[in-house]
């Protein structure tokens, strides 16, 4: 558990790097039918596939398979420097230190250099990120190495959060609990109001299946913020996802925008649902405001500052 937990379970951000076929740089590119069972990739370490441009079914667009799956641990956090931070700040709100921000930026450059060694110009990346603050801050700085033109988008994924050691941690109690865990067994010992490593294993296994599915259909959404903005449906009411003209499902095939606004959908989410009405299975919406662009708004701010300084 130690090696994997330090890179994957602790609020990490998996990055999927995909190489697009040279002759199909639009969202209509497709890949071969090579199997990509992630269960055989030694902890989701790497996936490699060759590509072609043949559409097996003209009514279905096969999304590109990722060339690599890269796991990134967050940069140095306030909790790494001072364990007492967890007694004052909720775990999801622990921020990066200045050193951690720099580590994240260097990590992005390291990943970019690795990709550049492939000597291919037609590549893009997309991200999965824990909703924890330190992971999101890491991603914002990792992303600087790529810029918007190379980023397909991102998905906020709560299952990638750090193992839960319980609410606001008491330092003395944590010493007692960790000693008990040593006697009981680190994998199955569950912290009070928290998780065992077995619990983490269960949710990560579920994420692996989602990852396989997302690779097939290209669907990425930031669920936490969207969920908090939604309202309960009325008792006895229904919410309908109906197949659109291209084969995908959209709420706007049945509901009006006014109904969905009342439910809590933002304008960006409604725009995405409009796209879903005509999109084909496997298509990626590179212009969706609910995926990459809205997260990396700081790119524009920094570009504007740089132009003023020049």
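Cβ from N, Cα, C; glycine included.
What you are looking at is a predicted structure, and each value in this text was computed from that prediction instead of being measured.
Residues annotated as active site, tele-phosphohistidine intermediate in TrEMBL: 74.
The active site, proton donor/acceptor annotation in TrEMBL covers 162.
Per TrEMBL, the feature substrate binding site maps to 73, 74, 75, 76, 77, 78, 79, 80, 134. Residues within less than 8 Å, Cβ to Cβ, of residue 75 (substrate binding site) and separated from it by at least 6 positions along the same chain comprise 96, 97, 99, 100, 101, 102, 103, 104, 107, 134, 137, 138, 141.
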Requested in this report: Compute all pairwise C-alpha distances among 73, 74, 75, 76, 77, 78, 79, 80, 134, the residues listed as binding substrate, and give the largest one in whole angstrom.
Outcome: 14
Query raised in the report: C-alpha of residue 74 (active site, tele-phosphohistidine intermediate) to C-alpha of residue 162 (active site, proton donor/acceptor): distance in Å?
Result: 10
Query - Cβ neighbour count (within 10 Å, all chains shown) around residue 79 (substrate binding site) - result: 19
